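One structure is given here, and the rest of the page talks about it.
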């Protein structure tokens, strides 16, 4: 008789509860699955510590193995403000050209064909990225690969952007006739075809990336060609806005990047000298004053991304924005003849969207970022409203937690906690990741402190003193002992792409402190 056995089990539990004065009560029999679901779950957690309950969620949902409840509008707004403060952003970016939700392949291909005739030249279809975001995505994937090599678990690895694959070599192939995805930055060897090395093959770029706290790409702001004098009629102008750099960031390296196609026809055997100049001063009736920044000598048959060092002028533009008058590019053949950049295979703003010229700068913070202190009055009001409804639940919990039973408490350990940028409604400006496993520490630091608790010597001494004077000395606290950084790739208000490292964002290990 299964019903009689279940009834006897509950009677034994109640008898133990009545006799609790003689010792701790036995564990309550497990609830059925339906009853457990009705009891509710923890927000974005893995169940936490036994004996600790949460307020039943109004509408629990499950995503990626996490049980959570739908946030109210005010709660969501408060959480957005707090996370933006952690990210060092004064407000939510609203880029002009943000991201759109991915669509099924058949529908996406149909819409792309319909919109291809309406898009301005050089503009990508919805859901696709230009050359600068693609390059930044390669940098992000390189950082994510480094994090994986450091031993991060599967639950802690950041999720790549769904619109593009995890790496350049795995990115889906474009339709015939379309531009190839960005998969290299250096010039390819003559006759090497469309294959090539990864954008991070050079040791210099790897050093820049490892040393930087933030990487930022800038789009070319020039929309129309400027008329130059006959001597400079083939010059091309580029301008970038560096006025929105966060305070405390110093430029460690900066590059101007422009794509070169293979040259055929009358210039197929030619060698070109490509020069990049800083515009020092503009004049109405004569040529502008120029300062040579960098040069490259290339063959007509070479193809790939050209890089020019503009670190010096970038630092000047950040410190004194009024001196930012842009760059000029010139192309000269080995015979000393000035030619149009298009004749040398250089792709301008009218070229394919994934071959647009852009600028990238590496930054390192010169001072520690301090979060802005904001008023918590709204949270206090919300807490005061909930305090009366939670007081009875807290009383019931405390009555059970008063028992010093090892079965009712768990040792200090790491628990799962996932932060979803998509659930916060930020999928239009955060390129990657969709979210990350932040995790948290919780549990008891009771005597004896085992080796797996990662206790400090001070925590061991504090535990011993707590045993002698529990009213005056508290137990050690369960806190993170190892924290990892994450990288976030996002658009700013000017549609520039920023790759930023945020330290101490992921809990890797916990211990008693």
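The chain as shown is numbered from 1 upward.
Backbone N, Cα and C atoms are what each Cβ position is placed from, and that goes for glycine too.
Annotated compositional bias 'Low complexity' per Swiss-Prot: 98-121, in sequence order. The compositional bias 'Polar residues' annotation in Swiss-Prot covers 158-172. Under the heading disulfide bond, Swiss-Prot lists 412-478, 441-510, 445-512. Look at Swiss-Prot and you will find 241, 269, 386, 404, 454 tagged as N-linked glycosylation site. The region 'Disordered' annotation in Swiss-Prot covers 38-66, 89-131, 145-200, 373-398. Residues annotated as signal peptide in Swiss-Prot, with sequence analysis given as evidence: 1-20.
Mapped onto this structure are the features recorded in Swiss-Prot.
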{"residue": "241", "record": "N-linked glycosylation site", "Cβ neighbours (10 Å)": "15"}
{"residue": "269", "record": "N-linked glycosylation site", "Cβ neighbours (10 Å)": "9"}
{"residue": "412", "record": "disulfide bond", "Cβ neighbours (10 Å)": "27"}
{"residue": "441", "record": "disulfide bond", "Cβ neighbours (10 Å)": "20"}
{"residue": "445", "record": "disulfide bond", "Cβ neighbours (10 Å)": "23"}
{"residue": "454", "record": "N-linked glycosylation site", "Cβ neighbours (10 Å)": "20"}
{"residue": "478", "record": "disulfide bond", "Cβ neighbours (10 Å)": "26"}
{"residue": "510", "record": "disulfide bond", "Cβ neighbours (10 Å)": "24"}
{"residue": "512", "record": "disulfide bond", "Cβ neighbours (10 Å)": "27"}
Rounded distance in angstrom between the Cα atoms of residue 445 (disulfide bond) and residue 412 (disulfide bond): 6
C-alpha spacing of residue 241 (N-linked glycosylation site) relative to residue 269 (N-linked glycosylation site), in angstrom: 37
Residue from 241, 454, 510 whose C-alpha is spatially nearest that of residue 412 (disulfide bond), among the recorded positions: 510
Of the disulfide-bonded residues listed as 478, 510, 512, the one whose CA lies nearest the CA of residue 241 (N-linked glycosylation site): 510
Rounded distance in angstrom between the Cα atoms of residue 454 (N-linked glycosylation site) and residue 512 (disulfide bond): 6
